[in-house]
Amino acid sequence: MAELKYRRILLKLGGEALAGEGGFGINPRRAEEVAQKVIRVLNMGVQVAIVIGGGNLWRGKEDGLDHGMERVTADHMGMLATVMNALALQDALERHGIPTRVMTGIEVRAVAEPYIQRRAVRHLEKGRVVIFGAGTGNPYFTTDTAASLRAMEIDAEVLIKATKVDAVYDSDPKLNANARRFERLTYIDALNMRVGVMDSTAMAMCMDNDLPICVVDLWQEGSLEQVVAGEAVGTLISA
Ligand code: UDP
(Lines of atoms letter the chains of each structure in order from A and count residues from 1; the text may use other names and numbers.)
(Lines give C-alpha, C1' and ligand atoms only; values in the text may rest on other atoms or scores of the structure.)
Protein backbone atom coordinates (compact mmCIF):
# COMPACT_ATOMS: atom_id res chain seq x y z
CA MET A 1 0.00 0.00 0.00
CA ALA A 2 1.27 3.49 -0.85
CA GLU A 3 2.64 5.69 1.94
CA LEU A 4 -0.06 8.06 3.11
CA LYS A 5 0.47 11.69 3.98
CA TYR A 6 -3.03 12.03 5.40
CA ARG A 7 -5.00 9.33 7.20
CA ARG A 8 -8.13 11.31 7.98
CA ILE A 9 -9.45 13.81 5.47
CA LEU A 10 -12.34 16.19 5.20
CA LEU A 11 -13.48 16.41 1.60
CA LYS A 12 -15.49 19.51 0.71
CA LEU A 13 -17.66 19.14 -2.35
CA GLY A 14 -19.87 21.81 -3.82
CA GLY A 15 -23.41 20.82 -4.57
CA GLU A 16 -22.54 21.19 -8.24
CA ALA A 17 -20.52 17.95 -8.00
CA LEU A 18 -23.87 16.12 -8.11
CA ALA A 19 -25.62 18.47 -10.49
CA GLY A 20 -27.38 17.58 -13.68
CA GLU A 21 -27.56 19.67 -16.83
CA GLY A 22 -26.93 23.38 -16.34
CA GLY A 23 -25.51 22.89 -12.87
CA PHE A 24 -28.93 22.27 -11.36
CA GLY A 25 -30.57 19.38 -9.58
CA ILE A 26 -29.19 15.99 -8.65
CA ASN A 27 -28.02 13.54 -11.27
CA PRO A 28 -27.60 10.06 -9.75
CA ARG A 29 -24.97 9.27 -12.39
CA ARG A 30 -22.82 12.11 -11.10
CA ALA A 31 -23.34 10.88 -7.54
CA GLU A 32 -22.09 7.51 -8.74
CA GLU A 33 -18.96 9.07 -10.25
CA VAL A 34 -18.24 10.96 -7.03
CA ALA A 35 -18.79 7.78 -5.01
CA GLN A 36 -16.22 5.95 -7.17
CA LYS A 37 -13.66 8.63 -6.39
CA VAL A 38 -14.37 8.48 -2.67
CA ILE A 39 -14.12 4.68 -2.68
CA ARG A 40 -10.67 4.79 -4.30
CA VAL A 41 -9.39 7.01 -1.47
CA LEU A 42 -11.09 4.85 1.13
CA ASN A 43 -9.38 1.79 -0.31
CA MET A 44 -6.01 3.43 0.33
CA GLY A 45 -6.79 3.12 4.05
CA VAL A 46 -7.90 6.73 4.56
CA GLN A 47 -10.74 7.79 6.86
CA VAL A 48 -13.09 9.97 4.83
CA ALA A 49 -15.50 12.63 6.04
CA ILE A 50 -17.39 14.75 3.53
CA VAL A 51 -19.14 18.10 3.69
CA ILE A 52 -21.40 18.67 0.72
CA GLY A 53 -22.83 22.02 -0.35
CA GLY A 54 -26.24 22.77 -1.77
CA GLY A 55 -25.60 25.27 -4.53
CA ASN A 56 -27.08 22.92 -7.16
CA LEU A 57 -30.45 23.25 -5.43
CA TRP A 58 -30.56 26.47 -3.46
CA ARG A 59 -28.26 29.25 -2.29
CA GLY A 60 -29.71 31.35 0.48
CA LYS A 61 -28.35 34.67 -0.63
CA GLU A 62 -28.58 34.53 -4.42
CA ASP A 63 -31.78 32.49 -4.70
CA GLY A 64 -33.63 33.83 -1.67
CA LEU A 65 -32.36 37.06 -0.10
CA ASP A 66 -31.72 38.73 -3.46
CA HIS A 67 -35.37 38.09 -4.31
CA GLY A 68 -36.73 39.61 -1.14
CA MET A 69 -36.81 36.57 1.12
CA GLU A 70 -35.84 36.68 4.73
CA ARG A 71 -32.19 35.67 5.08
CA VAL A 72 -32.61 33.15 7.85
CA THR A 73 -35.42 31.33 6.01
CA ALA A 74 -33.45 31.34 2.78
CA ASP A 75 -30.41 29.91 4.57
CA HIS A 76 -32.49 27.25 6.29
CA MET A 77 -33.66 26.18 2.85
CA GLY A 78 -30.04 26.05 1.67
CA MET A 79 -29.05 23.87 4.58
CA LEU A 80 -31.94 21.50 3.90
CA ALA A 81 -30.79 21.32 0.27
CA THR A 82 -27.42 20.02 1.44
CA VAL A 83 -29.22 17.22 3.28
CA MET A 84 -30.74 16.05 -0.01
CA ASN A 85 -27.29 16.01 -1.59
CA ALA A 86 -25.89 14.12 1.39
CA LEU A 87 -28.57 11.45 1.01
CA ALA A 88 -27.91 11.13 -2.72
CA LEU A 89 -24.21 10.59 -2.06
CA GLN A 90 -24.91 8.15 0.77
CA ASP A 91 -27.13 6.16 -1.56
CA ALA A 92 -24.42 6.03 -4.23
CA LEU A 93 -21.80 4.87 -1.71
CA GLU A 94 -24.01 2.28 -0.10
CA ARG A 95 -24.87 0.77 -3.47
CA HIS A 96 -21.21 -0.24 -3.45
CA GLY A 97 -21.52 -1.67 0.04
CA ILE A 98 -19.66 1.22 1.70
CA PRO A 99 -21.10 1.86 5.17
CA THR A 100 -22.00 5.54 5.27
CA ARG A 101 -23.58 7.81 7.85
CA VAL A 102 -25.21 11.15 7.19
CA MET A 103 -25.01 13.47 10.19
CA THR A 104 -26.81 16.77 10.12
CA GLY A 105 -26.25 20.12 11.81
CA ILE A 106 -30.03 20.63 11.88
CA GLU A 107 -31.96 17.71 13.29
CA VAL A 108 -33.85 15.72 10.65
CA ARG A 109 -34.00 12.58 12.74
CA ALA A 110 -36.21 10.56 10.46
CA VAL A 111 -33.61 10.66 7.70
CA ALA A 112 -30.20 11.13 9.34
CA GLU A 113 -28.35 11.20 12.63
CA PRO A 114 -27.92 14.50 14.41
CA TYR A 115 -24.30 15.59 14.40
CA ILE A 116 -22.47 14.57 17.55
CA GLN A 117 -18.71 15.00 17.38
CA ARG A 118 -17.78 11.87 19.31
CA ARG A 119 -20.11 9.71 17.26
CA ALA A 120 -18.70 11.14 14.05
CA VAL A 121 -15.17 10.21 15.11
CA ARG A 122 -16.33 6.75 16.13
CA HIS A 123 -17.92 6.19 12.71
CA LEU A 124 -14.67 7.20 11.03
CA GLU A 125 -12.63 4.89 13.24
CA LYS A 126 -14.91 2.05 12.17
CA GLY A 127 -14.19 2.82 8.53
CA ARG A 128 -17.53 4.41 7.74
CA VAL A 129 -17.77 7.37 5.43
CA VAL A 130 -19.38 10.26 7.29
CA ILE A 131 -21.26 12.87 5.29
CA PHE A 132 -22.07 16.07 7.12
CA GLY A 133 -25.28 17.69 5.94
CA ALA A 134 -27.02 20.96 6.86
CA GLY A 135 -23.75 22.88 7.03
CA THR A 136 -22.97 24.38 10.41
CA GLY A 137 -26.67 24.38 11.28
CA ASN A 138 -26.56 28.18 11.36
CA PRO A 139 -27.67 30.77 8.83
CA TYR A 140 -25.17 33.34 7.51
CA PHE A 141 -22.54 30.63 7.05
CA THR A 142 -21.47 28.58 4.08
CA THR A 143 -20.65 24.94 3.68
CA ASP A 144 -17.00 25.96 3.27
CA THR A 145 -17.12 27.20 6.84
CA ALA A 146 -18.92 24.01 7.84
CA ALA A 147 -16.07 22.09 6.22
CA SER A 148 -13.37 23.90 8.19
CA LEU A 149 -15.37 23.62 11.42
CA ARG A 150 -16.06 19.89 11.05
CA ALA A 151 -12.49 19.25 9.92
CA MET A 152 -11.23 20.82 13.12
CA GLU A 153 -13.76 19.00 15.29
CA ILE A 154 -12.94 15.55 13.92
CA ASP A 155 -9.21 16.28 13.81
CA ALA A 156 -8.87 15.85 10.07
CA GLU A 157 -5.34 16.36 8.81
CA VAL A 158 -6.32 18.21 5.65
CA LEU A 159 -9.32 19.92 4.13
CA ILE A 160 -9.56 18.98 0.46
CA LYS A 161 -11.60 21.47 -1.49
CA ALA A 162 -12.46 19.64 -4.70
CA THR A 163 -14.18 21.67 -7.41
CA LYS A 164 -13.92 21.83 -11.17
CA VAL A 165 -10.90 24.16 -11.08
CA ASP A 166 -7.51 22.48 -10.81
CA ALA A 167 -5.79 25.05 -8.55
CA VAL A 168 -5.93 28.57 -7.16
CA TYR A 169 -5.27 31.30 -9.74
CA ASP A 170 -4.86 35.05 -9.34
CA SER A 171 -7.68 35.56 -11.85
CA ASP A 172 -10.16 33.38 -13.69
CA PRO A 173 -8.11 31.16 -16.04
CA LYS A 174 -11.14 30.82 -18.34
CA LEU A 175 -11.23 34.58 -18.85
CA ASN A 176 -7.52 35.38 -18.59
CA ALA A 177 -5.02 33.23 -20.49
CA ASN A 178 -2.19 34.75 -18.41
CA ALA A 179 -3.75 33.94 -15.05
CA ARG A 180 -1.06 32.94 -12.56
CA ARG A 181 -1.40 29.47 -11.08
CA PHE A 182 -0.22 28.79 -7.53
CA GLU A 183 1.14 25.48 -6.29
CA ARG A 184 1.48 26.83 -2.77
CA LEU A 185 -0.02 29.78 -0.94
CA THR A 186 0.07 30.97 2.65
CA TYR A 187 -3.25 31.52 4.40
CA ILE A 188 -2.55 35.21 4.70
CA ASP A 189 -1.81 35.57 0.98
CA ALA A 190 -4.94 33.62 0.13
CA LEU A 191 -6.95 35.89 2.43
CA ASN A 192 -5.37 39.08 1.09
CA MET A 193 -5.94 38.00 -2.49
CA ARG A 194 -9.53 37.16 -1.59
CA VAL A 195 -9.19 33.99 -3.65
CA GLY A 196 -12.63 32.94 -4.76
CA VAL A 197 -12.03 29.31 -3.91
CA MET A 198 -13.08 29.63 -0.28
CA ASP A 199 -14.77 32.35 1.73
CA SER A 200 -12.75 34.35 4.24
CA THR A 201 -14.53 32.98 7.33
CA ALA A 202 -13.57 29.44 6.35
CA MET A 203 -10.04 30.46 5.38
CA ALA A 204 -9.46 32.37 8.63
CA MET A 205 -10.60 29.38 10.67
CA CYS A 206 -8.12 27.15 8.88
CA MET A 207 -5.37 29.70 9.44
CA ASP A 208 -6.11 30.10 13.14
CA ASN A 209 -6.07 26.35 13.63
CA ASP A 210 -3.28 25.50 11.19
CA LEU A 211 -5.35 23.17 9.04
CA PRO A 212 -3.87 22.76 5.54
CA ILE A 213 -6.23 23.20 2.60
CA CYS A 214 -5.66 21.45 -0.68
CA VAL A 215 -7.52 22.79 -3.70
CA VAL A 216 -7.88 20.25 -6.49
CA ASP A 217 -9.99 19.40 -9.51
CA LEU A 218 -12.40 16.68 -8.44
CA TRP A 219 -12.73 15.45 -12.02
CA GLN A 220 -9.01 15.17 -12.74
CA GLU A 221 -8.18 11.47 -12.72
CA GLY A 222 -6.50 10.43 -9.46
CA SER A 223 -6.43 13.93 -7.92
CA LEU A 224 -7.78 12.86 -4.52
CA GLU A 225 -5.42 9.88 -4.31
CA GLN A 226 -2.52 12.18 -5.13
CA VAL A 227 -3.40 14.50 -2.25
CA VAL A 228 -3.50 11.73 0.33
CA ALA A 229 -0.28 10.22 -1.04
CA GLY A 230 1.39 13.62 -0.58
CA GLU A 231 2.06 14.18 -4.27
CA ALA A 232 2.09 17.71 -5.66
CA VAL A 233 -1.35 18.41 -7.07
CA GLY A 234 -3.50 21.53 -7.16
CA THR A 235 -2.73 24.26 -4.63
CA LEU A 236 -1.68 23.69 -1.05
CA ILE A 237 -2.66 26.51 1.29
CA SER A 238 -0.82 26.38 4.62
CA ALA A 239 1.19 28.51 7.04
N1 UDP B 1 -25.98 27.45 4.51
C2 UDP B 1 -26.15 28.07 5.74
N3 UDP B 1 -25.32 27.74 6.77
C4 UDP B 1 -24.30 26.84 6.66
C5 UDP B 1 -24.11 26.23 5.39
C6 UDP B 1 -24.97 26.55 4.34
O7 UDP B 1 -27.04 28.88 5.91
O8 UDP B 1 -23.58 26.56 7.63
C9 UDP B 1 -26.94 27.72 3.40
C10 UDP B 1 -26.64 28.99 2.62
O11 UDP B 1 -27.86 29.56 2.28
C12 UDP B 1 -25.94 28.45 1.38
C13 UDP B 1 -26.65 27.14 1.16
O14 UDP B 1 -26.90 26.65 2.47
O15 UDP B 1 -26.07 29.32 0.30
C16 UDP B 1 -25.92 26.12 0.33
O17 UDP B 1 -24.57 26.00 0.75
P18 UDP B 1 -23.34 26.53 -0.13
O19 UDP B 1 -23.74 27.77 -0.84
O20 UDP B 1 -22.16 26.62 0.76
O21 UDP B 1 -23.17 25.33 -1.17
P22 UDP B 1 -22.05 25.06 -2.30
O23 UDP B 1 -21.68 26.38 -2.92
O24 UDP B 1 -20.86 24.45 -1.62
O25 UDP B 1 -22.71 24.10 -3.24
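Positions of Cβ are set from backbone N, Cα and C atoms, glycine also.
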Looking at 20-25, 26-31, 62-67, 122-127, which one does TrEMBL call region 'Involved in allosteric activation by GTP'? 20-25
Listed alongside D75, T136, G137, N138, P139, Y140, F141, T142, T143 for UMP in TrEMBL, from G54, G68, is G54
Site co-member for ATP according to TrEMBL, given K12, L13, G14, G15, G55, R59, Y169, D172, out of T163, T186: T163
Per DSSP (helix/strand/coil reduction), G55 (ATP binding site) sits in coil
What's the CA to CA span in angstrom from G54 (UMP binding site) over to G14 (ATP binding site)? 7
Listed in sequence order, residues not in G54, D75, T136, G137, N138, P139, Y140, F141, T142, T143 with Cβ within 8 Å of the centre of the UMP site Cβ atoms: G60, G78, M79, G105, G135, T145, A146
Rounding to whole Å, the Cα atoms of N138 (UMP binding site) and D172 (ATP binding site) are apart by 30
Using DSSP three-state counts, the residues of the region 'Involved in allosteric activation by GTP' (20-25) come to 3 helix, 0 strand, 3 coil
